[in-house]
Amino acid sequence: MALLCYNRACGQRFDPETNSDDACTYHPGVPVFHDALKGWSCCKRRTTDFSDFLSIVGCTKGRHNSEKPPEPVKPEVKTTEKKELSELKPKFQEHIIQAPKPVEAIKRPSPDEPMTNLELKISASLKQALDKLKLSSGNEEDKKEEDNDEIKIGTSCKNGGCSKTYRGLESLEEVCVYHSGVPIFHEGMKYWSCCRRKTSDFNTFLAQEGCTKGRHMWTKKDAGKKVVPCRHDWHQTGGEVTISVYAKNSLPELSRVEANSTLLNVHIVFEGEKEFDQNVKLWGVIDVKRSYVTMTATKIEINMRKAEPMQWASLELPAAKKQEKQKDDTTD
């Protein structure tokens, strides 16, 4: 009876009677996800694509392992005894201080003002990174022309959840059992969006059998630009608001950031084929002429000068409440 191997990155079924010391190729380390890069702690290869990460061939040989790893132990949470409400109250006398009336807001400019492209300042680190990418991409194109569409023996299937490798022409006729969705990691749980079988163990997640049948995908076709989400945050000082977009190797000639006094439109092309778009209705008012964009190898910083040195409650202006609108309609 064939057993499932639980070694990381293996997931093959094996016969215990024929199991040998070099039958399994696996990763003895743990998965590492850092700054959008994915890899294993036991080897140096890194990738930004999750399918490529799953297809990274193991770096160690050994025996197949049929023992399922134990679930991670959850910490025991002990609750203290409930205390009387009087004990939780502060031991000093409370004084309620009335807040001062808010300063009257300045008149907000119209959002229909013409948009202006902000100045792009390109760092030396980004220029060096793009020069290296151009050299490597040129070598890859030459290599692709030589290889044409030939599939090499041992190539892993690019479908999510499939661990099969190309063995020859017979592999073209095999049925592929894979996950058609995308991997989701949320609050310690791991699962595929297509079938939602949740687990907290990464090895169990990798060993989940696919829920869709089809053909193997041995090569990835170029689908052109792909709009993707990108991690971003913001901070402010007395006179500036800065938005940081963590997109690596952005392309200045294809990217743009435009704004007027109250609106900001961001379009960034990075890593050759990825796009990030974000439109922001700003909470406050900015001075467009004194605002600019700094592009580095690891991120883009949008530096916006405040029209007045005041604290912003948030980056975006909240949408008007529907209830207030309905109330106004009924009073008319």
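Glycine residues also receive a Cβ, built from the backbone N, Cα and C atoms like all the rest.
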Further binder of Zn(2+) 1 named by Swiss-Prot next to Cys5, Cys10, Cys24, taken from the candidates His34, His64: His64
Cys157, Cys162, His216 bind Zn(2+) 3 per Swiss-Prot; candidate in Cys176, Cys230 listed for that same site: Cys176
According to Swiss-Prot, which candidate in His179, His232 joins Cys194, Cys195, Cys211 at the Zn(2+) 4 site: His179
Which listed residue (Cys24, Cys162, Cys176, Cys194) has most other Cβ within 10 Å, given these are binding-site residues: Cys162
Spatial neighbours, same chain, of His216 (Zn(2+) 3 binding site) - Cβ under 8 Å, 6+ residues apart: Cys157, Asn159, Cys162, Lys164, Tyr166, Ser171, Leu172, Glu174, Cys176
Cys5 (Zn(2+) 1 binding site), number of other Cβ atoms within 10 Å: 21
Confidence summary (mean pLDDT) of the region 'Interaction with HSP90AA1 and HSP90AB1' (65-316): 81
Neighbouring C-beta atoms (10 Å sphere around the C-beta of Cys10 (Zn(2+) 1 binding site)): 23
Neighbourhood of Cys59 (Zn(2+) 2 binding site), C-beta criterion under 8 angstroms, separation at least six: His27, Pro28, Trp40, Cys42, Cys43
DSSP state at Cys194 (Zn(2+) 4 binding site), helix/strand/coil: coil
